[in-house]
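Here is what TrEMBL says about this protein:
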type	residues	note
SIGNAL	1-21	signal peptide
ACT_SITE	H406	active site
REGION	490-514	region 'Disordered'
DOMAIN	521-603	domain 'Carbohydrate binding'
Amino acid sequence: MMPRGYLLALVAAVLCFDASAGDFNYGDAVDLSFLYLEAQRSGKLPADRRVKWRGDSGLKDGLAQGVNLVGGYYDAGDNVKFGLPMAFVTTILSWGAIDFKKEITDLNNMDKALKAIKWGTDYLIKAHPERNVLWAQVGDGASDHFCWQRPEDMSTPRTAYKLDESHPGSDLAGETAAALAAASIAFKSYNSSYSDLLLLFTFADTFRGLYDDSIPCAADFYSSSGYWDELLWAAAWLFRATGDEYYLKYTVDKAVSFGGTGWAMKEFSWDNKYAGVQVLLTNVLLEGRAAAYGSTLKQYQAKADYFACACLQKNDGFNINKTPGGLMYVREWNNMQYASAAAFLMAVYSVYLSDANAKLTCPDGVFEPKELLNFAQSQADYILGKNPNSISYLIGYGSKFPQKLHHRGSSIASIFTDPSPIGCVQGFDFWYHRPQGNPNVLHGALVGGPDKNDRFDDDRSEYEQTEPTLTACAPLLGLFSKLQSSVNGYRIPGSRGNPPPVKPEKESPNANAPVPVGAPVEFIHTITSTWMVSKESYYRHQVKIKNTSGKPISDLKLRLENLSGPIWGLSPTQQKGIYELPPWLRLLQPGSECVFIYIQEGPQAKVTVSSYH
C-alpha cells in the first residue's frame, strides 16, 4: 500500500508506461465486469448464480408500502437501492448492447448483457405500477451508513420512497424513461409496451421538479443538479426507440431553454447527461436524418465536439483535467466513474464518426475517429494497470489489485461460510476495522481510484478511493468489448465460460519455487466446526504454525492452494495465493506458535512454505 505522502518520481511514472497495444486482454476484463454486476444484485438470486458468496436479500422491499420492489441493484458498497444511478446504469448497459452489439456477441456475452439489463428493467417496471407514480428509492442512506452488514443480514429500515404529482422528480422519471427506451432497442422484442415509456416521459415533463427535493434523504448521496438534461436525454432515446418525430422535435424546440445547445461539458455522468444527449443527436445528423432540424442538430454537434476535443486536450486550453499519470480527473469521490463514462462515450462517438466517414474538428486541429478511441483505450489501460502504481483498479484483473474495498458484502464473511447474523455495530467492530483484506473478492469491481496526483490508499475507510460503484462499472462492458475488437482483433479469452476469478492465474517464477528443504515450521490442521447450508457441508479449519527450526524466523510467507473461503490471521500479499503473518508476528521465535483460520466447503487447502528468512 502506498503511503499518502509518497511522491512518485516522474521518471518512474514514465517507466511504468511501457505497455503497448494488445498487452491487456479486455475480454477477460469484460468477464469480470459481469461478475461485479451479479454481485450487486438485490432480491431472489437465480439458482445458477456465479457469485457463490452472495445470497438472497431485500425480499420484503416495498411490502410495507403495498408494492413489490424486490430486485434491482445495490448502488455501491452499501445496501440502498437508489433509483437515479440504477436507471442510468440500465441506460448505459443498453447503449453498449446496442452500439457494440457485434463486439459483445463475438465475445459470446450478449446473453449476459441482456440478463444484466433485464435485472435492472424488471425492477424499474415494478417501480412504475401506475400512472404518475414512480418508486424512487428503497432504504435510507443515513441509517444504512450507521451499520456495516451483509445485504443478507440487513436490519436497517427498508423504507420505500415514491414520486407522484405532488412530489415530482423529472430527473429520475426522465432517466427511467430513457433506460426503458434504450432497453427496448437492446431487446428488440422487449415485452414492455411503448405506452409505459410514454407515460413516464409525460409524467417527467408535466410534473416538473427535482427528485431529491421530493425525497430529501437522497440529497446527501445522489443529489441532482437539474432535470433539463434528463428530459432531453429521455426524448433522444425515445426518438431512437420509436422513430416518432415528436421526440426529435422536442429536443430541437427545447435545445436552448433546456441548455442542450448551450452547455459545453467536460463531464458525462449519472447526474450530467448533456454530453450524452449531444452525441446521440449528433448521430442523427451524421446519419442524414436531420430533415428540417439540421441547423439545431449542428449546434448539438458543436457541443459534442467540445467534449471530445476537451478529452483529447485539443480544445484551445479548455480541456479536461488529468492526473500526471493520464487519468481523467473530475472529483475526489469515485473519480473512476467519470473516467469510465467518458471513455465509453468517446468510444461510441468514434464509431459514429467513423461510420459517417467524418472527422473531429477541434480548435487545435482535425482528428481521425481513431484518436477518440485512443483516448478511450488510455483510460481503460490506466484502469487495468498502466499507471504509476502499476496496480489494476479492476478487482481480480492481474496479480495486483486493491484488497480492502469499502464494500459491506465483500468485507464480511459470506453467509454460506459464517451463517451467524452480523449485527449493525458488530460489523464495524469485527469486519470494517480489521486490517486484513476482504474475505470475498469482489471480482470486476472498479474502485474509486487514485487522487489527482495518482496516489492511492488501499484502506477500507478511504471510501472515496476504495468504494466501487455501479455507475463506474456499467460503461466498461461496452468499452472493453469495443477495445477487445479494435485492439486485440476479437481474440477470444481462453477462459471463456470460466472467468478468471475461478481459474488460477499464472504466477511469477518466485511463486513457483520449490519449498525449501527442511522447512522451518510445522503445520497442524484441525477441523473445529462443521455445518450444512443448502445441502453443502462447510468446515472451519484451524491451522497451527509452529517454529521447529530452533532459530528465530522472519518474513515467513505461505502458499495456500485450493483456498475458496475467507481467511483470518494471515494477510494477503500482492502475489496471488501467497500470504504472510500479520505485522505484529513478523518474527516467530523458536518453539513459538501462531494460528490462522479459514472456512470453506470441500477439501482443506494445501499450506506450504513459500519463503522465509
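Cβ from N, Cα, C; glycine included.
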Listed in sequence order, residues with CB under 8 A of H406 (active site) and six or more positions away: G77, R460, S461, E462, Y463, T466, E467
PLDDT averaged over the residues of the domain 'Carbohydrate binding' (521-603): 83
Helix, strand and coil totals (DSSP H, G, I; E, B; other) for the domain 'Carbohydrate binding' (521-603): 3 helix, 50 strand, 30 coil
